[in-house]
């Protein structure tokens, strides 16, 4: 005979097998809000952390390598542009400045100066030193005036010919000039503080300001002033408001009047020539 407890157990309805399956609502209530979204992240699902990691992926090593390549290409382009912008006088002679030359020593002992080809340049690309020694030059060449800002120039070991007096027009900053032994310093002893001759070269040092050394106060006109124009050279510049011969004309130079007269004269001559040629063509 069955007891009362066994009879009560037998009267209970059988438990539904679906209630115990994972992922159902009954179990979701006990697992919190994550279970309502589909439970724990499985093989085919992506969690929030993984989504963030995938979004940050472009900033990994691959993108860093690309950035480095772009930076290298930019620096190379800037270097090529700077090389192309080098003044022609710096590449007039092949090779580079010798390490023991006076131009190289000046460039290395002065801050923010760089050696490029035959020139010593500052950060702005201005030529402060020029070394054209042993370049088989008979004359400095047509591009020599590009180096009018130089402080030191070396022209030794070149078969220079002729007088260099007018070669250094505008070289007002020049303080050291090294020449072959048989070539005189431009302007002579009156243009330099010291001139030293050696077996293979001659060094002119300390350019003088001839405007301070000349004892003739009437060298320039009344409305003009003396300014240096290179070793052994000077020029008279008109004061503000004066122009013309001996700075005797007062007022600014009228460009409109000048070009008006020039244009009318040119037009008149052209009409006259056209009429003359046309008359000759009719008679022939």
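These residue numbers are counts, starting from 1, taken along the chain as shown.
Cβ coordinates come from backbone N, Cα and C, glycine included.
Heads up, TrEMBL stuff is auto-annotated, nobody curated it.
Taken from TrEMBL, the feature compositional bias 'Basic and acidic residues' covers 1-12.
As annotated by TrEMBL, region 'Disordered' applies to 1-60.
Sorting the domain 'EGF-like' (207-248) by DSSP state (H, G, I as helix; E, B as strand; all else coil) yields 7 helix, 13 strand, 22 coil. According to TrEMBL, the domain 'EGF-like' annotation covers 207-248.
Annotated disulfide bond per TrEMBL: 238-247, in sequence order.
Long-range contacts of the transmembrane segment (253-274) within the same chain, counting only residues at least 6 positions beyond its ends with a Cβ under 8 Å from a Cβ of the stretch, are 243. Annotation comment: TrEMBL describes 253-274 as transmembrane segment.
Around residue 247 (disulfide bond), the C-beta neighbours below 8 angstroms that are at least 6 residues distant in the chain are 221, 222, 223, 224, 236, 238, 239. If you look at the domain 'EGF-like' (207-248), the same-chain residues 6 or more away from its ends with a CB under 8 A from one of its CBs are 165-166, 168-172, 174-175, 177, 185-188, 190-193.
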